[in-house]
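**Student:** To start, I am sharing the structure in question, which I have written as structure tokens.
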Amino acid sequence: MMDASECGVRVMCRFRPLNEAEINRGDKYIPKFKEDDTVSKPYVFDRVLPPNTSQGQVYDQCAKQIVKDVLGGYNGTIFAYGQTSSGKTHTMEGKLHDHQLMGIIPRIAQDIFDHIYSMDENLEFHIKVSYFEIYMDKIRDLLDVSKTNLAVHEDKNRVPYVKGCTERFVSSPEEVMDVIDEGKNNRHVAVTNMNEHSSRSHSIFLINIKQENMETEKKLSGKLYLVDLAGSEKVSKTGAEGAVLDEAKNINKSLSALGNVISALAEGTKSHVPYRDSKMTRILQDSLGGNCRTTIIICCSPSVYNESETKSTLMFGQR
């Protein structure tokens, strides 16, 4: 396997602490980390983030470098993967307006504008954001709820994009937060046994950065996709029936398509990468592989109740 710096895919694993429901049930805490005396199956990642890792530390380990690279003209993607209630949304969004508990997306917004404010004044920046979800393999604009079935097209350079998706220009971190708040209120949420507000869709927040040096006329552009994937749990545990069961099957199909793309990229062979197997992998095609930067954050529950899902999440990360 190529090393991560060459193939651009890094896999991080984050365990959250036991939650209230698990503590009330008396669940056993199961993960053991390298320094523990462990004899069970080891899983190896680029970095493991134990439950006491702060949101700021997660950002520094998982996202800070990608933001620098995107500002340098590369494309990148950061995913959060795991079962419902494993901490994906906490990792990606956290508490948007709380400095300590904010997640990766608001920290990225802050970081990008800090970077811009400290740059040479000859540079002109244009930053656009879009926010959409993929639900039952349909693309829905979270900033314009009338757009419920957007199509993926290719531009003149054969780069896939979501046609008709709302784009907002932003000029401060606060404006980015406002867009996130607006989109969150429009997201597809269903109550499952696992989580009161389990998200049944993959949400994708896209930051598009264009910069131009007004003296030299040199232009750079970079794109960063921030993806909070729908829960990857077993159907039997969610209490899913009927339409919700169809949702779960759809979610698992698109997660498996994503896994196949990541595997093909990580192996680094020049063989076929199956981007066209799902809308999500198609949209992300120019931000996965090649010289793009990809980080997958595998989010895990430490409870024995979720042991089989945690193992399958860890196995996904091993691919």
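Using the three backbone atoms N, Cα and C, a Cβ is placed for every residue, glycine included.
According to TrEMBL, the record shows the following:
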| type | residues | note |
| --- | --- | --- |
| BINDING | G82, Q83, T84, S85, S86, G87, K88, T89 | ATP binding site |
| DOMAIN | 8-319 | domain 'Kinesin motor' |
**Student:** Among the binding-site residues listed here, Q83, T84, S85, S86, T89, whose Cβ has the fewest other Cβ atoms inside 10 Å?
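**Tutor:** Candidates: the binding-site residues Q83, T84, S85, S86, T89. Fewest Cβ atoms within 10 Å: T89.
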**Student:** Reduce the DSSP letter at S85 (ATP binding site) to three states and note it down.
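**Tutor:** In three-state terms, S85 (ATP binding site) counts as coil.
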**Student:** Residues with Cβ closer than 8 Å to the Cβ of G82 (ATP binding site), same chain and 6+ apart in sequence?
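**Tutor:** Spatial neighbours, sequence-distant, of G82 (ATP binding site): K88, L229, G231, S232, I298, C299, C300, S301, T313.
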**Student:** Tell me, roughly as an integer, the mean pLDDT over the domain 'Kinesin motor' (8-319).
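**Tutor:** Summarising the domain 'Kinesin motor' (8-319) by its mean pLDDT gives 85.
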**Student:** Taking the Cβ of G87 (ATP binding site) as the centre, how many other Cβ atoms fall within a 10 Å radius?
**Tutor:** 23
**Student:** For K88 (ATP binding site), what is the tally of other C-beta atoms lying within 10 angstroms of its C-beta?
**Tutor:** 28
